[in-house]
Every structure is written in structure tokens, then in C-alpha cells.
Amino acid sequence: MDKTDILKPFMDVGRGPLIIDGGLATELESTGCKLQGDPLWSARLLHTNPQTIKDAHYRFLCAGADVITTATYQASVEGFTRHLDVTPEQANQLIMSGVTLARETVKHFMADQPPSDRRVPLVAGSVGPYGAFLHNGSEYTGAYAAEMSVEELKAWHRPQVHCLVTAGVDLIAMETIPSVKEAEALVELLREFPDSKAWLAFSCKDGQCISDSSRFSEAVLLASRSSQLVAVGVNCCPPALVKPLLDSARTQRRPGLGWVVYPNSGEEWDTYSGWRKPENRLSSIAELSLEWMKQGSALIGGCCRISPAHIAELRRQIHGNMSGSDASQRGQGRP
């Protein structure tokens with residue numbers, strides 16, 4: 001099927017935005033997986049425990065996700081060969097297996113006769129920034145981009161994108177991108193795969209700027225030049241930043257390009273003590289989602305610390321109390 005047909009739900013305003021899953025690593029950790037400090041993060045489980053990934057995908061689908069993202073955010077050929085002692089060919093297969101696991105889980109979910117209002121879920125192939133491979137926090141600063149050329153960044157991302165496209169993702173999720181230069185590299189690289197569609201989501205430092213201090217409006221203008229992008233937006237930022245960020249770039253977004261927003265919970269990560277909640281109450285993504293819809297968001301979901309329960313709440317808020325709570329009760333099965 002042509003990718004344009006697969007992505008028609010993006011343009012189906014009457015059915016509301018597509019709901020993206022939440023924090024895959026958060027859900028994996030809730031089942032006892034030890035990921036913190038691992039240079040491969042959740043991608044290691046592609047090698048050591050793929051069933052756990054399928055189980056997590058399934059719980060997000062049962063909670064109401066229309067889109068599940070592969071466990072490949074921190075996956076790379078270089079990372080796998082360095083930390084798993086596998087060959088480049090085996091590393092390629094591991095990255096592709098992330099798509100296979102997600103596809104198998106979608107097939108299982110649809111075979112379980114989900115509610116009639118549910119669309120067939122899409123599989124988005126996660127592509128994280130180069131800084132995720134560096135494993136030094138630079139995915140939230142983009143500092144490395146100053147020392148790399150656009151061509152070098154394209155060369156780094158090319159094997160991962162090639163694997164995801166070859167494995168048959170519905171679209172590519174270029175996410176947590178901290179710099180305009182890396183975004184430019186990814187948009188250029190996407191042209192090498194002309195039949196592929198993608199979204200581009202940035203990590204942001206405040207209500208005006210992405211992580212490298214470039215204006216979000218500048219990043220959106222760059223994205224608007226690509227006919228292969230279906231959406232541009234933000235992820236893994238506090239929910240309170242979403243509205244001002246989208247407002248700051250509303251005139252730079254071309255017609256037909258949707259917003260994609262999937263912030264984290266708003267909690268702060270501390271290297272020594274872990275996740276910390278601020279003193280003031282945090283608004284949930286469900287509470288804020290209606291405002292994001294008014295701003296034109298085509299895809300809404302969550303990132304770190306967002307669980308299937310949060311996604312079920314989000315679906316109820318967007319679609320009314322249709323099936324999220326009932327479906328989430330089925331999420332204990334194993335694909």
C-alpha cells in the first residue's frame with residue numbers, strides 16, 4: 001500500500017488526532033528492566049529480551065495508542081557492534097527486528113478484535129539524535145553539532161534509517177532532535193528514501209527555543225520545506241512548553257503539515273536521585289491536549305514517564321469515554 005494511503009488518517013480531521021504511545025523505556029522499567037546507565041538503553045532488549053518489548057507495545061495499544069514507536073531510539077550499527085559484540089550485519093538485523101516486533105504486536109492486537117472505532121495502528125520507526133549514541137546528555141544540548149558537518153550527520157543516521165525503511169515502517173519518527181543542523185541533515189537524508197514519510201520532533205529548552213538555542217520557528221520553517229514530512233513539533237519537553245512553542249511558530253508551518261506533540265510528564269531528572277516532581281502541581285497531557293488540538297496537532301502522545309494509563313486518559317479526553325478504559329483491561333496478555 002502506498003504510504004500516502006496509509007497516512008490518510010492524518011488528514012481525517014473529523015476523527016481527531018492520532019494518539020502516539022508513551023514512554024517505552026518507562027514502561028519497560030516498570031516491569032523490572034534495568035535501563036538507566038545503559039549506553040543502549042531500551043534498544044539492548046532487542047537483543048536480550050524482545051518479548052518484553054512486544055508486551056510493552058501491546059499495553060500501549062490496548063490503552064488506546066494509534067501509533068507505536070519502535071525500540072530503536074538508541075539503536076545504531078556502531079552502538080550495537082561496540083556494546084553487544086555483534087557484526088555490522090547482525091546489528092542491521094537487530095535494528096530491523098524492532099520493526100518486526102512492532103508489526104507482530106499490531107497484528108496480534110487486531111486479531112484480538114479491538115473496538116470498532118479503532119484505526120489500524122501505525123508503526124513509527126524511532127530515530128534518535130546522534131547525542132543519544134554519545135550517551136552524555138548532549139541530546140538535550142546539541143553541542144556536538146557544532147563540530148560536525150551536515151554530511152557527517154547524514155552519514156551517521158543513514159544506516160539506521162535504511163534499516164527501518166527496509167523493514168517496512170509506516171513512517172519514521174525523527175525525535176528529540178536538539179539542533180537545526182541535525183534536523184537539516186535528517187530532512188536531506190529523507191530525500192534518499194523518496195517513498196518514505198516522517199515526522200520531526202525537537203527537544204526544547206523553553207517556550208521559544210529548541211535545545212541548541214535556535215528559535216523553534218526557524219526549525220519549523222526548515223521542516224516546512226520538506227514534502228515528505230507529515231508533521232513537525234516537540235517531544236520530551238515539559239507539557240507546559242508545548243502551547244507557547246506552537247504559538248511561536250504558527251506562521252512558519254506550511255499548510256498540510258501537522259503538529260506532533262508528545263511531551264514528558266514534566267518531572268525533572270536528577271542523575272543522583274532520579275525523577276523529581278516539582279513543588280507545583282503538573283497539568284497532565286490529557287488536560288492540555290484539547291488546547292493542542294485547537295492549535296492543529298495531528299499527533300498527540302507522551303514521552304518519558306508517560307505510561308499506558310496516561311495514554312488511556314488521553315484517549316478518553318480526546319475521543320470521550322469510548323474504549324480506552326475497557327481496552328486497557330485487556331493489556332495483560334502476551335502477544
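Just so you know, glycine gets a Cβ as well, placed from its N, Cα and C.
Predicted, not measured: the structure shown is a model, and the values here were computed from it.
Residues or ranges marked as domain 'Hcy-binding' by TrEMBL: 6-318.
In the shown protein chains, 21 other C-beta atoms lie within 10 A of the C-beta of Cys236 (Zn(2+) binding site). The Zn(2+) binding site annotation in TrEMBL covers Cys236, Cys303, Cys304.
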Checklist entry - Pick from Cys303, Cys304: which of these binding-site residues has the biggest number of other Cβ atoms within 10 Å of its Cβ? => result Cys303
Item to check | Sorted by sequence, non-Cys236, Cys303, Cys304 residues with Cβ within 8 Å of centre, Zn(2+) | outcome: Gly23, Thr176, Asn235, Cys237, Tyr262, Pro263, Asn264, Gly302, Arg305, Ile306
